[in-house]
Ligand SMILES: Nc1ncnc2c1ncn2[C@@H]1O[C@H](COP(=O)(O)OP(=O)(O)O)[C@@H](O)[C@H]1O
Ligand code: SF4
Ligand SMILES: [Mg+2]
């Protein structure tokens with residue numbers, strides 16, 4: 001089994017290299033000369049020359065790339081072109097925020113989506129099934145920012161139950177931190193729950209008609225055991241894979257939701273960076289997100305192996 | 001050979017001593033389509049006694065599997081609907097029992113082995129877990145005791161290296177081994193009735209014989225009643241005490257195995273068994289009869305075999321034939337039974 005996992009890790013390496021190449025290469029072909037931004041209004045030729053030297057802009061592409069990659073590997077993503085703060089510092093500040101939001105949102109999505117999918121599959125063709133599908137469809141089509149605003153108006157403004165915005169670090173005040181993140185993660189979670197519900201439903205439908213489910217019932221097992229043990233265990237793979245990938249997407253930050261709830265996460269960082277043409281920050285965040293996504297893919301692969309006895313115990 | 005002599009044969013009367021049957025099915029009809037005029041299974045009756053084997057034979061699609069699944073309570077309903085009939089299992093009508101009570105019987109007092117050993121075990125759990133689970137469901141035993149009992153069952157069904165197999169996943173076993181596991185699972189709680197739906201059809205010929213020998217030996221050891229659905233006439237001759245011949249959802253002939261082989265009375269049975277009826281081991285599957293079973297909506301009102309029967313006349317097409325008894329439990333549903341008299345009269 002370790003060999004299979006090692007192989008998956010190995011296969012991920014070319015993808016990583018490709019991603020760094022793209023991130024680095026894109027920067028080169030982006031319009032606008034970042035040096036001009038950095039050199040300020042005067043555009044002193046000496047300053048420009050110094051900067052060209054510093055960023056090795058006269059070296060061939062592969063030399064530039066390797067130098068950059070070397071820095072990235074040591075955790076040096078360069079400095080913000082605007083504020084001069086190291087990009088790694090910015091990322092280290094925002095990552096916990098985005099991570100907490102992503103974890104809470106995916107838990108929310110799984111808590112809603114998986115049970116709903118199971119129930120819809122078991123009650124296939126009944127009112128419950130249609131209702132679950134209708135709710136899922138609206139979950140997918142209601143924009144997050146709209147749901148966020150409505151929730152703020154009702155839950156925060158009218159009922160005064162939860163804070164409308166902001167961010168409290170988990171380490172500072174855990175309860176308040178969870179309370180602040182509850183609404184944004186619910187907004188993100190419900191949207192994803194819809195996808196999870198539909199995938200869970202179709203995976204369960206596929207499994208429920210299989211011969212071994214009939215065998216489980218022939219043993220006299222009660223519906224609860226048949227569905228939650230024998231069927232769900234086999235429907236789990238697509239559910240786990242999807243959950244992992246959705247989580248990877250959440251790591252990229254949720255631009256609109258973060259905006260609505262004024263959460264200082266990745267989404268806000270990247271939007272601010274894009275609007276101020278702070279390419280160094282954009283590059284760092286994009287790279288981080290891409291690596292995070294590749295990592296989640298790897299996790300999905302490993303979980304797949306762990307869940308599947310056929311892969312765990314080859315013949 | 002003439003029929004009355006066969007009836008007078010002393011050995012035949014001793015075949016079915018009078019004991020209360022484990023299962024007695026009466027007038028069982030089943031449909032999948034609401035409001036359909038023709039039932040998929042129509043007015044089926046049979047019974048099986050402790051320690052005895054009833055073989056149900058008939059062409060593919062005639063309703064053998066749905067009948068056994070209905071008895072086990074494993075048919076999804078809807079769409080399946082039991083239109084009429086009773087199934088007395090140890091005196092209690094299965095069809096009138098609440099679902100929970102039937103689940104208590106399943107895998108406990110009545111068990112079933114399926115045709116598809118490759119797909120009937122859950123790929124996500126070990127063989128030991130799957131056998132132990134059924135034991136724990138019906139008996140008040142600990143996990144460890146259930147595991148020990150599962151091991152005993154694996155030994156009993158002659159699985160080599162049973163300790164090792166206990167922790168094997170189904171994909172690590174061959175088809176024959178998987179069917180042995182299914183048998184172990186079905187028998188783990190010593191059922192009074194075992195339904196085996198073509199248990200060897202999907203297996204290699206050599207494995208078929210082994211599995212069949214195993215099933216027979218286990219039945220001899222436990223005295224369980226068995227309903228064996230099979231295509232193989234050799235198997236029927238070897239293991240059956242009684243035979244029910246099904247055609248298009250109806251039982252057209254039934255009786256002790258000697259009577260069915262030695263003195264078939266229904267034109268369909270005669271066609272199945274070929275022209276020379278004789279008792280003893282036969283190789284091969286059922287003989288093929290010209291024509292095909294009509295689809296349900298084109299089924300004749302009268303005898304369902306009429307479109308393929310060489311003796312059919314207009315009465316056969318229009319009126320359901322009576323079930324004619326010949327004594328000793330042998331009967332056939334045909335307007336022209338007993339058939340020798342008809343043939344003589346026509347000559
Ligand atoms: N769930 C179902 N819905 C509708 N028809 C079914 C269903 N299951 C089986 N049938 C029909 O019942 C008939 C008898 O099937 P079956 O009992 O499997 O035959 P066999 O005698 O070969 O075991 C077949 O024609 C099949 O099409
Ligand atoms: S009732 Fe008529 S059609 Fe049916 S089997 Fe007998 S002779 Fe043939
Ligand atoms: Mg069948």
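Cβ from N, Cα, C; glycine included.
Annotation source TrEMBL lists domain 'ABC transmembrane type-1' at A:95-304. The transmembrane segment feature in TrEMBL is assigned to A:9-30, A:99-122, A:134-157, A:177-196, A:239-261, A:281-307.
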Open item on the list: Can you work out whether the transmembrane segment (A:281-307) touches the transmembrane segment (A:9-30), with the criterion being 3+ CB pairs under 8 Å where the paired residues are 6 or more apart along the chain?
Closed with: yes
- [ ] Considering only the recorded stretches A:9-30, A:99-122, A:177-196, A:239-261, state which has the highest number of Cβ pairs under 8 Å to the transmembrane segment (A:134-157).
- [x] A:177-196
Open item on the list: Quick check for me: are there 3+ Cβ pairs below 8 Å between the transmembrane segment (A:239-261) and the transmembrane segment (A:99-122), leaving out pairs under 6 residues apart?
Closed with: yes
Open item on the list: Quick test of the contact rule: Cβ under 8 Å, at least six residues beyond the ends. What residues does that give for the transmembrane segment (A:177-196)?
Closed with: 100-101, 104-114, 116-117, 135-137, 139-140, 142, 144, 147-148, 151-152, 155-156, 162-170, 239, 242-243, 246, 250, 254, 257-258, 260-261, 263
Open item on the list: Below 8 angstroms Cβ to Cβ, which residues of this chain, lying six or more residues outside the transmembrane segment (A:99-122), approach it?
Closed with: 128-129, 132-133, 135-136, 170, 177-178, 181-182, 184-186, 188-205, 208, 227-228, 232, 239, 243, 246-247, 250-251, 254, 258, 263, 265
